[in-house]
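A short write-up of the structure that comes next.
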Amino acid sequence: MSKLETGLVDENSDEGVALTASHRDYLLRRHGTVELDPVPSPSDDDPLNWPRPKKDLNLLFVAFHSFIGLFTASAIQCTFVTIAEDLGRSVQDASYLVSVFIAILGVAPLIWQPLSRVYGRRPVFLASLLFSLVGNVACAVVHNYSAMVFFRAFTAFFISPALALGSGVVGETFFKNERGRYMGVWAMMTTLGVPVGPLVFGFVAVRVGYRWIYWTLAITNGVQLIVYGLLGSETRYVHDPAIKRPGSMVQRLFWLRRVDPSRLTWYDFVHPLTLVTNPNVTIAAVTYAMIFLWGCVMTTLMVPQIYPQIWGFNAEKVGLQYIAFIVGTVIGELAGGFASDHWMRLAPKREGSPPKPEFRLWLSYVGYLLTICGVVVFLVQLGAASDTWDVSPDVGMAIGGAGNQVVTTVMITYAVDCLPQDGAAVGTFVIFVRHIWGFIGPFWFPQMINTLGFARSTAVPVAMIVGVSMLAKPNPLVLRRHRPGDIGHIISRHGAIYCEDYGWDERFEAMVARIMADFLDRYDPQTECGWIAERDGEFLGCVFLVKDHDLDQTARIRALLVEHGARGLGLGGRLVQNCIDFAREAGYKDMVLYTNSILTPARKLYKTFGFRLVDEAEITTFAPGTLGETWKMAL
């Protein structure tokens, strides 16, 4: 059993420093409290400071956009038989129109995520709706199977952004103590797209033909485009006074400029895939994908293929079966979202410390059990079905849907909690893993059932779900303030690691020693701090925030270090985020840091947080031939 190395616990989280008077007054005026996580900037443009109606409206837009994504994917599920007859293909071939759509939904966000980071979420969502409209119109008029597959893939590519970026939008808009609830709303809407599509369009297909499914989807995209264009707001916010922001209504409607000054590179397009090295996110993604595969994809795709064979259902009757999945999903959200936040609020009372992100994971076991129960009931009852329809397979589908939704909300919220500064990339990676599994499943589900039979097939999902449920075991990293005895070890580890990785000699270690000595000599706990990351007492990393005595109201990051064994866990980002939060609370206006041109991972991390390279000079001592770089960001 592998351990899920997650969650950073700040043992001294109550030892904060005072906010500046203006910042405190702003937060009290806007929120009625300064006890906020994360602490927002003192600006009305920061989505965390938006009025509640504006937040809720924007959440509604992105949640409905996500809903339409899987709604479009599943819309034709109830008409597989009709489509197969119209295009001269088999029913399984018709099901591939959904499988291809699911696969593209998983891959396309790798393109959209970096574009939305630089240019904002709003332009990406508007382009998504416009070209999805075009794709649905094309599907409505083509009469060739290959052409329909192509335009289904085209539509999937453009409708996909909200499915991956939704988690980032929630993280950018809502505070941590309410994130589970609102993440659940978005996740529930996303999941409901699967059953609502065939439920609604079963009636459409029977009465006016399946091609009106595509026309209806195109009309819906057009309405979304107009409404979101008029009322939607940008949630991507970088606190930098140099960035111009739209002022008037006309500017806001047609504004298309960079919201992030950092340069767009090829790495940005593959960055979400690098999260595979982060066990927190990877295990959450794989676990969720497995539950989605069996609790959602298998049941909802088997209904239109098996029910017509057993009971002779038409598209309308097939669509009605999805009511069961809808009911299960809504019930599951009550446990996965609303109960999840309440559960996290109970954690400090039970454990006497701030809640660890993995405390939320205990609720996922409810989802595992419900999914196993639901899938077993669904398959066993189908295997025992007579010529007369009964509701028992639908009951299984409802139970599985509830389990799927519990795991969906818990795992996505947990993954974003582990890497809050990279929520959109986390969402992109999770969706990628989910849809790759969702794409593969339909190719072997029918063969599995034909070979094993309904009852014996239950062994496959049970084994796979039990397997992934055993991956996660809480083992938190602890993030504490520095204390006597730490500094010597920090100097030693800097010297050893940089010598091993880059060949830097004792002169580098001497420089670190001078920096640490200066920190201890001038240490002011109100404006400076050091953090040590540990697990079971083992040193994993550190960072220090100090006052820059040469620059007014400027903080400086010093001695950021992550041990080899702790890399890929998001620890470096969490340490930097702690520095930023502390600096803002302490009233600093700017933050600077010094790094080296060959430290590529660190430089990418700084760019992610909005730091910009402002100066560089050749190093002639411990690292000759390299450049020393100064990076800066406004707070």
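Glycine residues also receive a Cβ, built from the backbone N, Cα and C atoms like all the rest.
Automated prediction, rather than curation, is the source of TrEMBL annotations.
Among the features that TrEMBL reports, domain 'Major facilitator superfamily (MFS) profile' is placed at 58-484.
The annotation domain 'N-acetyltransferase' is assigned in TrEMBL to 477-635.
Residues 91, 94-95, 97-98, 101-102, 105, 121, 125, 128-129, 132, 136, 155-156, 159-163, 165-166, 169-170, 173-174, 182, 185-186, 189-202, 205, 210, 213, 217, 220-221, 224, 227-228, 231-232, 300-301, 303-305, 308, 315-316, 318-319 of the same chain lie 6+ residues outside the transmembrane segment (59-82) yet bring a C-beta within less than 8 angstroms of a C-beta in it. Per TrEMBL, transmembrane segment is recorded for 59-82 (among others).
Counting same-chain residues at least six beyond the ends of the transmembrane segment (94-112), those with a Cβ under 8 angstroms from any Cβ of the stretch are 69-70, 72-74, 76-77, 80-81, 83-84, 87, 124, 128, 148-149, 152-153, 155-161, 163-165, 269-270, 272-273, 297, 301, 304-305, 427-428, 431-436, 438-439, 442-443. Positions annotated as transmembrane segment by TrEMBL: 94-112 (among others).
Taken from TrEMBL, the feature transmembrane segment covers 124-143 (among others). If one looks beyond the transmembrane segment (124-143) by at least 6 residues along the same chain, the residues whose Cβ comes under 8 Å of a Cβ in the stretch are 61-62, 65, 68, 72, 86-87, 112, 115-116, 151-152, 154-155, 158-162, 165, 211-212, 214-215, 217-218, 221-222, 224-225, 228-229, 232.
What TrEMBL records for 149-170 (among others) is transmembrane segment.
According to TrEMBL, the feature transmembrane segment maps to 182-206 (among others).
Look at TrEMBL and you will find 212-231 (among others) tagged as transmembrane segment.
Residues or ranges marked as transmembrane segment by TrEMBL: 281-307 (among others).
What TrEMBL lists as transmembrane segment is 319-340 (among others).
Per TrEMBL, the feature transmembrane segment maps to 361-383 (among others).
Feature annotation from TrEMBL assigns transmembrane segment to 423-445 (among others).
As annotated by TrEMBL, transmembrane segment applies to 451-472 (among others). If you look at the transmembrane segment (451-472), the same-chain residues 6 or more away from its ends with a CB under 8 A from one of its CBs are 1-2, 4, 283-284, 286-287, 290-291, 293-294, 298, 358, 361, 364-365, 368, 371-372, 375-376, 379-380, 382-384.
Summarising model confidence by region, the domain 'Major facilitator superfamily (MFS) profile' (58-484) averages a pLDDT of 84.
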